[in-house]
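One structure is given below, encoded as structure tokens.
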Amino acid sequence: MSEVVVKGGAAASGAVGQPVVNSAAGGGPTAASQSEPDMKGWLLKWTNYLKGYQKRWFVLSKGVLSYYRNQAEMTHTCRGTISLHGALIHTVDSCTFVISNGGTQTFHIKAANEVERQSWVTALELAKAKAIRAMESDEEEEDTAANTIPSEELNLVVRELTVRLENLKTCYDLITKHGSALQRALSELESGEDLANKTKIVSERATLFRISSNAMINACSDYLQTAQTQGHKWSKMLQHERDQKLHLEEMVEQLARQHSHLEQAAHRHRPNATTSASDDEDNEFYDAQEEGGSVASQEDSSFILKIPVAHHHHHRRNSNDATGSSSDGEDGNSETQQVLVVTDNLDNMDVTDRISVNSSQALTPTLSNNNQSTRVARTRRLRVPDKPNYPLNLWSIIKNCIGKDLSKIPMPVNFNEPLSMLQRLTEDFEYSEILDKAAQCKDACEQLAYVTAFTISSYSTTSNRTGKPFNPLLGETYECDRTDDLGWRCINEQVSHHPPMAAQYCEGRGWRCWQEFTMTSKFRGKYIQIVPLGYAHVEFPATGNRYTWRKVTTTVHNIIVGKLWVDNHGDMEIFGEKSAKGVKCHLKYLPYSYFTRDTQRRVKGVVMDNASQVKWVINGTWDSKIEIAPVTSTSGSAENPVFKTGNYKTAWNRRLPASDCEKYYNFTTLACQLNEPEPDVAPTDSRLRPDQRLMEDGKWNESNGEKLRLEEKQRARRREREAEAEKAAAEGRPYPPYEPIWFDKRKEDGTDNLVHVFKGTYWDAKTKQDWSKCPDIF
């Protein structure tokens with residue numbers, strides 16, 4: 001039996017007790033209610049399949065839900081937290097509910113009964129609404145203080161303060177004049193002659209002094225009131241500009257230091273003679289290693305890769321992993337590494353198994369599946385209008401963005417490209433022929449090698465695409481039906497606004513792919529970093545093999561000084577599931593470095609079977625091509641095994657865009673076609689978004705106006721929902737959260753994770769042209 005804390009200090013017993021809700025009598029907040037949590041009590045939390053649900057002490061305070069093993073831990077050890085302003089709250093049954101931030105944190109919680117569950121859900125929804133309002137209020141106040149005060153208003157305030165200061169000076173002169181006269185009159189009064197007349201004079205001058213003093217007091221009061229009204233705003237502005245100045249000084253100093261180091265390094269490492277590119281150089285992906293006391297020849301090149309070798313069975317889908325509570329003892333998985341050396345024979349590369357396509361053959365019909373449509377391929381455009389040259393004061397905009405999440409900052413379209421994030425996600429399937437090849441593989445490890453190449457190919461367009469895609473509105477959709485030429489079709493929907501999240505489903509020749517995409521992004525002054533949080537999946541129905549991965553970090557450099565450039569870096573783990581369970585790939589995207597002669601933008605990795613034996617190696621660059629090779633034999637020690645590979649096959653080769661693509665946002669042919677108008681699409685389709693269409697047409701000023709209108713329309717709808725949610729919470733009834741139109745939120749197969757699953761009704765609705773469920777968002 002465990003203790004339940006009751007307001008007032010009483011104790012009761014029970015496995016899971018009635019929660020404590022703090023409220024101040026009389027409707028006003030008291031000191032206690034301000035410092036104490038909004039709600040606290042015992043609940044059951046899912047930990048893992050061995051321990052099941054365990055009792056934990058939960059505390060809801062200031063928009064954050066935290067939990068502890070017991071009440072004594074509250075002073076020193078928090079086991080996990082979720083910030084509610086971006087959380088998703090879902091009721092599972094009469095006693096169970098789930099809270100998730102859409103990414104790495106998920107709490108599965110069970111209450112003692114339905115009444116207690118509803119009390120917690122209501123309190124959580126109310127706290128979430130308050131947290132969102134508080135965050136937006138802070139952002140609006142900061143924007144007002146730092147960015148939105150026009151110079152005319154500032155000049156008006158300065159003029160008003162100047163006039164009031166002049167009034168103070170006039171009053172001071174009058175007080176000084178009348179005070180001196182009053183002093184003289186008092187001195188004359190002391191002489192005692194003609195007392196009545198002198199008393200009258202003193203009285204008159206005292207009256208004038210009193211009038212002048214009152215005027216001075218009123219002028220001081222007016223000046224003080226005006227100064228106090230503007231003082232807080234000016235203080236915030238001053239502090240903001242001071243912080244920005246410090247940030248800028250640090251960045252300029254760091255940039256100057258880096259520039260100096262780069263110049264020195266360039267002089268030191270400058271080659272004696274330049275050599276022309278050759279086929280051998282194109283194939284030279286690996287660092288030379290020494291083996292057996294001799295340097296490896298050009299034919300026997302190799303690379304070193306550190307890979308995790310233990311606890312691969314601890315998959316990310318373990319629900320307690322998502323809590324991020326490493327101190328709870330429920331998910332303390334350790335990881336070791338080993339060095340892997342792979343040798344290969346590049347001269348025996350099998351060029352007959354390449355699936356690269358010349359740029360002139362990029363989008364030719366390749367239908368071979370009887371289940372796919374046999375429509376005649378339509379003629380599509382090959383480019384978009386050129387990007388206009390609009391002047392923009394870059395620093396005036398980005399100086400207020402340092403350290404913030406860019407998804408929450410309104411930006412002019414000058415930083416954008418005329419595509420939405422939903423359309424950018426669709427670009428992942430530009431090289432869908434790799435998945436077509438993977439669908440024909442019988443061996444799971446070879447299939448995973450091709451899937452890995454596909455995941456890498458999705459980054460090929462990021463190397464020179466520095467424009468920001470439009471943030472989708474809640475309920476915005478995008479369909480792309482390319483069954484007539486490329487053999488696949490997909491549907492995307494923006495399913496959440498706090499946090500921003502998109503759901504995607506795509507089906508092709510013998511495969512289907514789906515993902516939830518959400519991310520965090522921060523601007524650090526000289527670079528922007530985007531960290532994806534959602535997971536992507538591909539499944540091959542013929543074999544039942546399924547593979548899951550999360551995208552790596554993308555960084556945009558040289559925001560202030562120099563030419564913008566993009567780098568992708570980090571580790572990627574691709575896990576096999578269902579029939580491919582146990583098969584996995586460890587992939588490493590090497591960060592760009594100025595101080596190496598190695599090939600930049602390299603990617604290398606290995607595919608392992610369910611016994612953790614390396615079966616395939618992957619090597620190449622994410623902006624050019626990827627090669628794969630099977631492992632034929634193993635030698636060396638257990639700590640440093642050496643794997644000999646067979647012939648390399650080109651799993652992916654990038655199709656180069658048109659030579660003049662810089663004129664139109666560095667778009668590939670597919671990217672140019674994504675926003676091409678099409679008939680019969682849903683009224684929420686990104687192609688119909690007016691600000692995006694105006695930008696593509698080169699009307700950027702009109703586009704900025706439309707963008708502001710659409711964003712304000714979305715905010716108005718959100719405020720309406722929040723008001724309805726507060727009213728429902730006050731009346732003690734549940735308020736249904738926003739529900740997507742074409743995706744359904746449900747438990748993922750084999751796990752308790754909530755994911756957005758495609759309902760399968762979109763294409764039928766398109767055939768019938770039944771868009772009655774679509775909201776009015778444009």
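Keep in mind that glycine also has a Cβ here, set from the backbone N, Cα and C atoms.
No curator has checked TrEMBL annotations; they are predicted automatically.
Note that this is a predicted model, so its numbers are computed, not measured.
In TrEMBL this protein carries:
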DOMAIN    36-129  domain 'PH'
REGION    259-281  region 'Disordered'
REGION    311-335  region 'Disordered'
REGION    676-741  region 'Disordered'
COMPBIAS  686-730  compositional bias 'Basic and acidic residues'
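For the domain 'PH' (36-129), the DSSP-based tally of helix, strand and coil residues reads 24 helix, 43 strand, 27 coil. Mean predicted confidence for the domain 'PH' (36-129): the pLDDT average there is 85. With DSSP classes pooled into helix, strand and coil, the tally for the region 'Disordered' (676-741) is 41 helix, 1 strand, 24 coil.
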